[in-house]
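Participant: Before anything else, here's the structure in question.
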Amino acid sequence: MRTATLYRYSVPMEAGVILRHQRLKSRDGLLVKLQQGELSGWGEIAPLPEFSQETLDQAQVAAECWLQHWVSGVESDDSVLPSVAFGLSCAQAELKQTLPLSADYRKAPLCTGDPDELFAVLQALPGEKVAKVKVGLYEAVRDGMIVNVLLEALPDLTLRLDANRSWSRAKADGFAKYVNPALRSRIAFLEEPCKTRAESREFAQDTGIAIAWDESVREADFQVEAEPGVAAIVIKPTLVGSLARCQQLVQQAHQAGLVAVISSSIESSLGLTQLARLAAWLTPATVPGLDTLDLMQAQVVRPWPDSPLPLITTEQLGVVWHR
């Protein structure tokens, strides 16, 4: 006997969470629960506005269609919508007990804004000091100066930077100009600095600052391959698709000598704990990019270890579909 339930959640965000062009006031998504006999499995379906190709309403329609088949005993292919494919594959993997329970709760702290705040966060980090800084929100020159100050002040720090394709080549060069060439090797990678892949490649080769592919990974013509100046690919499962697709990308990256980083698309605590398990399984040597829970005002169903945020339970969620 199979049953399935689809819940919808809405969690208020902290003030000041800005995506590409809009403020994100709440994080909205779906949780799916599959049940078969004594076993159950959960997954999260949460398209990220401005980044996902699908809307939440479109994802809900696709999920309901897939679940209708599943409860009838029909095994459907993965959804073509990445967030749906990811959430449903997680629920199936939990049900079949194929998603390992051990998790990598390390996170590269996400630093924005005040450099003084960054110092405090980074100096409190135990072990390997890896942090992520969003660049491209302010002036490129200012970003370069902040990165340089951080690397100078903390000699054991490695930074991951993310520009979200926000710079022209000239602005990217303006950033690099303010980062001491002797410190550039401690930039693990800069995600997609320029508006085109060609410009980003040239930037990496001209400046010695390694880059990573992020948005490119989700584009139809993208191939994982070793290239001069490219250090990593960033895999955001909500934007990429099923667990099998994520596994394929990680294997391709490792075969090409690239680092693969499992990264958050601002999922709820339930989705984040599953990403931590995925990271421990597929990329155990790499700190995942999962430091997004503190952008929210609550956790959902499953808590992240040691988080002080209140937990929303299943009883507090709206059921949008059940069979």
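Glycine is no exception: its Cβ is also placed from the backbone N, Cα and C atoms.
Copying in the features that Swiss-Prot gives for the protein in this structure:
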- LYS134: active site, proton donor (ACT_SITE)
- LYS236: active site, proton acceptor (ACT_SITE)
- ASP162, GLU191, ASP214: Mg(2+) binding site (BINDING)
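I would like each feature placed in context: is it buried or exposed, what are its neighbours, and how far apart are things?
Facilitator: In the three-state DSSP classification, LYS134 (active site, proton donor) falls within a strand. Within 10 Å of the Cβ of LYS134 (active site, proton donor) there are 18 other Cβ atoms, across all protein chains.
A coil conformation is recorded for LYS236 (active site, proton acceptor) in the three-state DSSP classification, outside any helix or strand.
Mapped onto three states, the DSSP output places ASP162 (Mg(2+) binding site) in strand. Here ASP162 (Mg(2+) binding site) comes close to LYS132, VAL133, LYS134, VAL135, GLY136, LEU190, GLU191, GLU192, ASP214: these same-chain residues lie at least six apart in sequence, with C-beta atoms under 8 angstroms from its C-beta.
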Participant: Quick check: in three-state DSSP terms, what is GLU191 (Mg(2+) binding site)?
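Facilitator: Note: GLU191 (Mg(2+) binding site) is in a strand by DSSP.
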Participant: So which other residues, same chain and not among ASP162, GLU191, ASP214, have a Cβ within 8 Å of the centroid of the Cβ atoms at the Mg(2+) site?
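Facilitator: Neighbours found: ARG160, LEU161, ALA163, ASN164, PHE189, LEU190, GLU192, ALA212, GLU215, VAL234.
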Participant: Within 10 angstroms of the C-beta of ASP214 (Mg(2+) binding site), what count of other C-beta atoms is obtained when all protein chains are considered?
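Facilitator: If we count other Cβ atoms within 10 Å of ASP214 (Mg(2+) binding site), we arrive at 24.
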Participant: Measure from the Cβ of LYS236 (active site, proton acceptor) and count the other Cβ atoms within 10 Å, all protein chains considered.
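Facilitator: Its Cβ shell of radius 10 Å holds 25 other Cβ atoms.
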Participant: Near GLU191 (Mg(2+) binding site), how many other Cβ atoms are within 10 Å of its Cβ?
Facilitator: 27
